[in-house]
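The following features are taken from TrEMBL:
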- A:12-31: transmembrane segment (TRANSMEM)
- A:43-66: transmembrane segment (TRANSMEM)
- A:78-98: transmembrane segment (TRANSMEM)
- A:104-127: transmembrane segment (TRANSMEM)
- A:134-156: transmembrane segment (TRANSMEM)
- A:176-193: transmembrane segment (TRANSMEM)
- A:226-248: transmembrane segment (TRANSMEM)
- A:260-283: transmembrane segment (TRANSMEM)
- A:304-321: transmembrane segment (TRANSMEM)
Amino acid sequence: MSLTEYTGRKRVRIGALALVVLIVGGAGLTVRSGIALDRLFTAGFATRSVEMATPIALAAIGGLYAEKSGVFNIGLEGFMIFGAFSAAASMYALGGTSPTQGQVWLAVAVSAVISTLITVAFAVLLIRYEADQIVAGLAVWFIGLGFAPFTAAIIWGSRSSPGLASVNSVAFGQSPFVILTVLIVLASWVVLYRTRYGYWVQAAGENPEALDTAGVDVTRVRYATVIFSGAMAGLGGAVLLAHAGNFVGIGDTMVEGRGWIGIVAYLFGNYNPIGAAGAALLFGALDMLNVQFQTVGIEVSARLVNLLPYVAVIIVLSAWGKTRMPSSVGESYESED
Amino acid sequence: MSGDDDGLRGALDRAAAYMLDATVLERIGIAIASTALALCIGLLIVAAAGHNPLLFANQLVIGSFGSERAVARTLTFSVLFVLAGIAVAIAFRAGVFNIGVQGQFIVGGFATVASIVSLAPYLPDGTVGGIVLMLVGTLAAVVAGGLYAALPGVLKAYGDANEIITTIMLNFIAIGFVGWLVAGRFSDPEATATRTERLPDNVGFPSVVFDDPNLSIVGIGATIAVVALIAVIMTRTSFGYDMVTSGHQESAATYSGVDAKRMIVSTMTLSGMVAGLTGAIFAIMIQGYFTDPSGIGNYGFDAIAVSLLAANNPVGVVPAGLLFGGLESAGSHIQINSDVPVQLIDGIVGLVVLFVAVPELFRMMAQRTGLGGDRE
């Protein structure tokens with residue numbers, strides 16, 4: 001075992017230990033303050049956590065594919081804003097302030113299509129015009145932060161939408177989009193690790209020259225993954241909106257960093273779709289802890305509890321930062337012929 | 001000290017590499033073309049939204065330079081954009097992506113107000129007391145901003161944590177935590193809005209040239225001094241040289257005895273110190289108290305665009321900062337005098353950043369149209 005590998009593993013252990021200490025410590029505190037844990041960790045909490053995790057998981061799956069193929073799509077957060085906003089706008093266009101369930105579904109679909117189209121333009125800039133991936137990705141975020149509230153203000157006269165409609169839950173009180181997300185996660189795992197196409201994606205990131213030699217167009221693979229990543233992030237934003245039922249465009253918008261957390265989720269999951277979804281679940285649960293604290297009556301400022309996911313992201317990144325990144329990430333590839 | 005083209009270790013280096021490749025003229029050309037293209041798209045959107053684009057363009061000019069008040073407002077915002085832009089440029093130049101200038105700015109500004117408000121009862125009321133308070137407040141901001149940036153620096157250097165993500169998370173944390181303090185422990189019980197107590201009367205910069213209470217010659221002077229200082233550090237000292245080389249040619253820097261990890265931490269700290277200073281000037285010169293940071297302008301974010309437009313050159317940050325000061329100032333004018341939602345300006349800023357990221361686009365456009373034949 002090399003030294004870097006050793007320190008890497010040690011860091012993982014330290015990180016895991018820190019998380020465990022955090023959880024046990026938190027649990028201990030709650031028990032000592034006389035609050036039963038079973039009141040804190042309820043079935044409703046599980047449902048809400050899963051629901052909150054789905055947008056993060058969707059964005060993470062998309063980002064994972066793009067990065068596996070060698071393109072760092074740092075614009076996930078921006079695409080989520082586009083997705084959430086265009087879902088709200090199309091829901092409003094279809095059914096005003098009281099859209100039907102069918103219109104909610106249609107709006108989510110329209111939003112995914114719009115996000116895909118925007119991502120096509122982004123992919124062209126990134127791959128054809130060799131845009132700087134970091135700066136262009138940040139730009140997508142800034143554009144979303146500007147134009148989504150701008151268009152909202154034109155449509156609704158305010159940066160946020162009026163109440164629209166949220167999707168009805170199906171079996172076990174779960175949103176149908178949760179089930180859809182589970183299916184997408186499983187499918188993307190199968191495609192990535194069990195199909196020829198998945199190997200192309202991995203090869204485009206690890207060894208593009210070899211893939212090129214084998215007669216596969218690296219550029220086309222990368223176009224496909226980048227467009228997929230934007231579509232997934234957009235769908236994630238649309239699902240976030242379909243769960244919330246209205247668009248919020250003040251401050252960092254309703255997406256509030258979930259796209260960035262999505263990036264961390266797939267890093268934490270070591271580029272494995274199922275691992276990424278698991279990490280998303282952790283962040284979703286932390287996000288919903290606030291509601292639990294309130295119902296149980298723990299007197300902590302909601303504003304501080306809301307910061308927990310961000311703190312967890314920093315801990316996770318520092319402990320797991322050294323993930324096995326595909327070796328050609330960030331380099332544009334030009335075929336010799 | 002221009003870097004070679006080799007040694008691209010992934011996306012992080014790529015940003016800086018093309019900046020160093022491009023000739024100065026080309027960089028200026030790209031900056032102007034990016035801004036012009038973004039503004040044109042903005043005007044098209046105004047037209048598409050059913051407003052008169054010419055009227056809007058006219059309001060942009062009036063709002064930024066049309067009157068003495070507008071000029072003073074533009075300069076006030078420019079002070080913030082230039083300083084925050086310098087903070088970003090320090091880090092980006094060294095290959096470290098400090099996206100957390102906004103958070104460091106907030107933490108710094110709050111540290112200024114908190115330290116001045118807590119110390120004021122123990123100091124005399126006069127000018128001397130005021131100067132001492134301002135010095136202490138500014139120092140507190142520089143230290144707080146520096147430390148708040150050093151943390152992601154340490155996590156990157158020793159924990160391999162991607163600084164882009166950690167600094168963005170720290171922005172959210174700064175907004176939430178300072179917001180909690182402003183609404184709680186430090187809130188002014190007599191104020192209707194959520195804010196801290198006012199700074200005492202003897203704290204504040206004199207306004208000499210302009211009548212505008214928010215613009216002081218001290219703020220402008222401090223900005224020019226910081227620009228000069230950072231420009232000298234980056235181009236004339238061994239520290240600056242090591243900083244830039246370790247960012248772009250890590251192996252070369254390591255070979256010449258530079259500790260790359262410590263360099264990352266130093267870079268982030270210096271960048272955060274300038275961001276903190278920006279916060280101090282914002283608190284003392286403009287606000288006079290501290291409000292909920294979720295409502296404060298995105299100076300630290302727009303500063304990323306400022307720095308990129310200037311190709312991360314500290315001197316170039318000055319014209320870029322003036323441009324953004326003008327845009328922001330026009331934004332305040334538009335908010336009152338136009339039906340076009342002011343968020344358009346944020347969108348245009350995003351487009352500027354996008355176009356700056358794609359110099360290749362302009363090179364191809366230049367080739368097609370036969371312009372700029374002197375490239376490379």
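Yeah, the Cβs are placed from backbone N, Cα and C, and that goes for glycine too.
In TrEMBL, annotation is done automatically, which means it is predicted and not curated.
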For the transmembrane segment (A:104-127), distant same-chain residues with Cβ under 8 A (at least six beyond the ends): 71, 75, 79, 82-84, 86-88, 90-91, 94, 133, 136, 140, 165-167, 177, 219, 222-223, 226-227, 229-231, 233-235, 237-239, 241-242, 332
Result, the transmembrane segment (A:134-156) in contact with the transmembrane segment (A:43-66) (3+ CB pairs under 8 Å): no
Remote residues contacting the transmembrane segment (A:78-98) - C-beta distance under 8 A, at least 6 residues beyond either end: 55, 59, 104, 106-108, 110-112, 114-115, 118-119, 137, 139-145, 148, 151-152, 155-156, 161-165, 229-230, 233-238, 240-242, 246-247, 249, 253-255, 258-259, 262
Per Cβ pairs under 8 Å, the stretch of A:134-156, A:176-193, A:260-283 packing most closely against the transmembrane segment (A:226-248): A:176-193
